[in-house]
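Novice: Below you'll find the structure I mean.
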Amino acid sequence: MTTTGTRVRPAVVLLAVLALAVNLRAALSAYPPLLETIRADLGLSAAFAGLVQAATILMMGAGSFAAPALARRTGRERAAALGVAAIALGSLTHGLPTAVALVVGSLAIGLGIGVVGVAITGVIRDHLPERAGTATGLYTVAMMGGATVASLTALLLQDALGGWWWALAAWTLPAVLALVVWWPATRQLHDLPGAAPVRLPWRNRFARLAVLFQAMSSVQFYGWLTWLAPFYEAQGFSTERAAVALSVWNVVQIPAALLIPLAAERRRAWAPWAAFCVLCATAGVAGVLVAPVLPVVGPWPWIVLASVAVGAGFPLGLAVVAWRTPDGATAASVSALTLGSAYFLAALAPPVMGVLIDLAGFRAALVVILVAALVQGVAVVRLGPRRVTYDPETDPVP
């Protein structure tokens with residue numbers, strides 16, 4: 001689309017973005033607290049349980065890669081609406097208590113999340129350009145807020161509704177409500193003039209480094225999301241206490257996702273804060289490996305450090321794309337490559353960790369997260385201090 005710009009107030013655009021963002025992790029976060037119950041009920045191995053989460057993340061990657069083409073045909077606003085509709089349909093499919101429904105529903109949810117994530121990046125770059133860091137932080141806060149509520153209420157919904165499948169299917173309602181908010185709020189929202197979609201910038205140095213940073217952040221996020229609660233159950237925690245640990249991990253991400261991008265936005269000081277996230281990630285996973293439950297303070301210092309790392313890492317990965325690209329279409333294209341590649345790489349984390357758990361135990365699996373943190377540090381060194389930006393000459397539009 002190359003029609004006129006938006007007549008919608010920025011506050012309304014932001015509200016609509018936040019309504020979608022609430023649904024971008026909720027359905028994923030409702031799954032891990034119920035994982036051991038689901039495995040026992042359906043007779044699933046740890047590797048298969050990890051594969052379900054991996055399938056979701058793979059479809060997030062597929063949705064991210066497909067989003068620019070879908071937006072070219074329908075506009076970013078309609079593409080986002082179709083994405084949240086897929087999330088609703090996938091959540092509804094989870095209402096069937098079978099392994100097939102679990103997988104199929106997860107595929108639909110992942111596809112929808114991928115499309116929505118890329119569409120939102122372009123909307124923020126075009127229609128909220130002066131406050132991209134703030135908007136990205138609030139978007140991530142809403143996303144993490146949905147994840148927190150989902151993990152906190154998973155067991156309560158299971159008991160109240162009569163089964164784990166109903167607890168998963170309950171997340172159909174927020175997705176439908178988001179669609180109701182999004183469509184009327186953005187029906188007059190159009191891509192800005194000259195913002196023609198561009199192809200994925202595979203050869204661009206900045207884009208490749210952004211992929212590496214976001215991919216390693218995503219490996220950490222989905223590794224912890226899938227296996228944090230089961231790990232602490234293996235340490236002797238009850239199911240309820242392990243769910244609380246996961247909820248704390250989700251909750252701490254919220255202020256980290258808001259405050260750290262805001263601090264970075266003030267002077268575009270991306271590299272120092274990205275390096276801080278890497279330090280938190282490394283310290284958190286190292287602590288869990290060496291002493292998962294400390295005397296007096298328990299596991300909470302490590303959980304907080306790991307949470308800060310992934311909570312701020314994701315919006316910093318989005319913000320650096322918004323700050324260092326020239327327009328919304330380019331931002332959406334780089335975001336599609338970054339998120340799509342990150343999700344495909346991150347999809348390996350849950351099943352690989354599941355296989356390692358089956359073969360050698362949880363500590364062997366946590367090495368995957370440690371390696372991801374160290375590789376992310378390499379991306380920060382290469383990307384940050386040199387102020388690498390998007391250069392169209394290294395990957396020209398055909």
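Just so it is clear, glycine is given a Cβ too, placed from its N, Cα and C backbone atoms.
Straight out of TrEMBL:
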- 11-388: domain 'Major facilitator superfamily (MFS) profile' (DOMAIN)
- 46-67: transmembrane segment (TRANSMEM)
- 79-96: transmembrane segment (TRANSMEM)
- 102-124: transmembrane segment (TRANSMEM)
- 136-157: transmembrane segment (TRANSMEM)
- 163-185: transmembrane segment (TRANSMEM)
- 206-230: transmembrane segment (TRANSMEM)
- 242-263: transmembrane segment (TRANSMEM)
- 270-294: transmembrane segment (TRANSMEM)
- 300-323: transmembrane segment (TRANSMEM)
- 330-349: transmembrane segment (TRANSMEM)
- 361-381: transmembrane segment (TRANSMEM)
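A description of the local structural setting of each listed feature is requested, covering burial, neighbours and distances.
Specialist: Across the residues of the domain 'Major facilitator superfamily (MFS) profile' (11-388), the predicted structure has a mean pLDDT of 86.
The list of residues near the transmembrane segment (79-96) in space but at least 6 beyond its ends in sequence, with Cβ under 8 angstroms from a Cβ of it, reads 20, 23, 27, 63, 67, 70-71, 102, 104-116, 119-120, 123, 165-166, 168-172, 175-176, 178-179, 182-183, 186.
Long-range contacts of the transmembrane segment (102-124) within its own chain (CB-CB distance under 8 A, at least 6 residues past either end) are made by residues 13, 17, 20-21, 23-24, 27-28, 38, 42, 52-53, 55-68, 70-71, 76-77, 79-80, 82-94, 96, 132, 135-136, 139, 168, 186, 189, 191, 195, 318, 321-322, 328-329, 331-332, 335-336, 339-340, 343.
Sequence-distant contacts of the transmembrane segment (136-157), counting only residues of its own chain at least 6 positions beyond either end whose CB sits under 8 Å from a CB of the stretch, comprise 14, 17-19, 21-34, 120, 124, 166-167, 170-171, 174, 239-240, 243, 246-247, 250-251, 253-254, 257-262, 311, 314-315, 318-319, 322.
Under 8 Å from some Cβ of the transmembrane segment (242-263) lie the Cβ atoms of residues 29, 32-33, 133-134, 136-138, 140-141, 143-145, 147-148, 151-152, 154-155, 224-225, 228-230, 232-233, 269, 273, 276-277, 299-300, 303-304, 306-308, 310-312, 314-316, 319, all in the same chain and six or more residues away from its ends.
Tertiary neighbourhood of the transmembrane segment (270-294): same-chain residues 213, 217, 220, 231-232, 235, 260-261, 263-264, 301-310, 312-313, 316, 319-320, 323, 363, 366-367, 369-370, 372-374, 376-377, 380, 383-385, selected by CB-CB distance under 8 Å and a gap of 6+ residues from either end.
The list of residues near the transmembrane segment (300-323) in space but at least 6 beyond its ends in sequence, with Cβ under 8 angstroms from a Cβ of it, reads 121, 124-125, 129, 132-133, 136-137, 139-140, 144, 210, 213-214, 217-218, 220-221, 224, 228, 245, 248-257, 260-261, 264-265, 268, 270, 273-274, 276-278, 280-281, 283-285, 287-288, 292, 294, 331, 334-335, 338, 342, 373, 376, 383.
Residues 54-55, 57-58, 60-65, 67-68, 71, 76, 110, 114, 117-119, 121-122, 125, 197-202, 204, 206-207, 210-211, 214-215, 217-219, 221-223, 226, 317-318, 321-322, 368-369, 372, 390, 392 of the same chain sit 6 or more residues outside the transmembrane segment (330-349) yet have a Cβ under 8 Å from a Cβ within it.
A Cβ distance under 8 Å defines the sequence-distant neighbours of the transmembrane segment (361-381), meaning residues of its chain 6+ beyond its ends; these are 209, 212-213, 216-217, 219-220, 223-224, 227, 230-231, 234, 271, 274-275, 277-278, 281-282, 285-286, 288-289, 309, 313, 349, 352-354.
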Novice: With Cβ-Cβ distances below 8 Å as the criterion, list the same-chain residues six or more beyond the ends of the transmembrane segment (206-230) that contact it, or say none.
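Specialist: Those are 28-29, 31-33, 35-36, 46, 49-50, 53, 57, 242-243, 245-246, 249, 274, 277, 281, 285, 303, 306, 309-310, 313-314, 316-318, 320-321, 324, 334, 337-339, 341-343, 345-350, 353-354, 357, 362, 365-366, 368-369, 372-373, 375-376, 378-380, 382-383, 388-391, 395, in sequence order.
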